[in-house]
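Student: Below: one structure in structure tokens.
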Amino acid sequence: MTDAAFPHRHLLGIQGLAPSEITSLLDLAEGYVEQNRSSDKRKNLLRGRTVINLFYENSTRTRTSFELAGKRLGADVINMQSAGSSVQKGETLIDTAMTLNAMHLDVLVVRHPDSGAVKLLSEKVNCAVINGGDGSHEHPTQALLDALTIRRRKGKLSGLNVAICGDVRHSRVARSNIYLLNAMGAHVRLIGPRTLLPSGLDRMGVEVFHDMRKGLADVDVIMMLRIQNERMSGNFIPSIREYFHFFGLDREKLGIAKPDAVIMHPGPMNRGVEIDSDVADDVERSLIRSQVEMGVAVRMACLDMLTRDLTRSEGAV
């Protein structure tokens, strides 16, 4: 495993990370993949340290994998959700952060529905903070696990054509992946109806397609995104049936991509909406289960890096 230092106090986003820093995290995660596949999954690297997962939104994959990551590194892990906490009694995010800070924890993993909330919280605590997803802003560990998944299958990130398809407008996963893939030299395409693509894409270094068949031509990786109804106010698509017809991934559309193109999805999937079960469960080309596996290793790497007793810069990314 790498001994490289991570020069940031927090991991709040991918934007601003240097390619070398991304590579260091991925290289470290590689070692944890092999550890997790062994009979002895536990390593007491974080023995005596405390990790709190503070989630203001529901989560299965992210929260569970952070819990596993912390426990496999020997940390004391506490899961907190807004339901059943003082948040329901009117406590503010900052008050909650300062309360937890007084308990001398080492790492705080936060998911929050408001973009920028995690950065605000990070300015009020002494511990390391990891962004577990904030609104439509960023989800850095998802982008890192996606990158590791791609790199293990394709052997590289640079030069690959990656299509991100679906509800990009409301997706923090899409934003973090765009930042990471651009930084690592991949070519990013965004595919979706105009209503589900954000403004300002010309500044993000991506190609935009409103025709999925044209957008999938010659791609190496297809990332499908679900429609995030919980972040919508109003109707963004005419109907589920029509959306699947034009923008759902099925066997016919998959055939337009390269013969060895792989399929990814951050989950949860809406089968029959953005992806057909036939391709989602393709044992040769679907990497969806591999993404889940890589998630634990990547989050172990992030916890490892952020808790090393090394001199860190005061700036946070």
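Yeah, the Cβs are placed from backbone N, Cα and C, and that goes for glycine too.
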Student: Taking R37, R111, R169, R241 as the options, which does Swiss-Prot list with R61, T62, H139, Q142, G267, P268 at the carbamoyl phosphate site?
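Tutor: So the carbamoyl phosphate site in Swiss-Prot includes R61, T62, H139, Q142, G267, P268 plus, from the candidates R37, R111, R169, R241, R111.
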Student: Whole number in angstrom, please: the longest C-alpha to C-alpha distance across R61, T62, R111, H139, Q142, G267, P268 for carbamoyl phosphate.
Tutor: 16
Student: Can you name every residue in this chain, apart from R61, T62, R111, H139, Q142, G267, P268, with its Cβ inside 8 Å of the center of the Cβ atoms of the recorded carbamoyl phosphate site?
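Tutor: So the extra residues in range turn out to be S59, T60, G132, G133, V173, P266.
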Student: Since the record lists R61, R111, R172, R226 as binding-site residues, which of them has the fewest other Cβ atoms within 10 Å of its Cβ?
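Tutor: Among the binding-site residues R61, R111, R172, R226, the sparsest Cβ neighbourhood within 10 Å belongs to R61.
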Student: With a 10 Å radius around each C-beta, find which of these binding-site residues (G267, P268) has the fewest other C-beta atoms nearby.
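Tutor: Among the binding-site residues G267, P268, the lowest count of other Cβ atoms within 10 Å belongs to P268.
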Student: About how far apart, in whole Å, are the alpha carbons (Cα) of R172 (L-aspartate binding site) and R61 (carbamoyl phosphate binding site)?
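Tutor: Distance between the two Cα atoms comes out at 15 Å.
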Student: How many other Cβ atoms are found within 10 Å of the Cβ atom of H139 (carbamoyl phosphate binding site), counting all protein chains shown?
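Tutor: The answer is 27.
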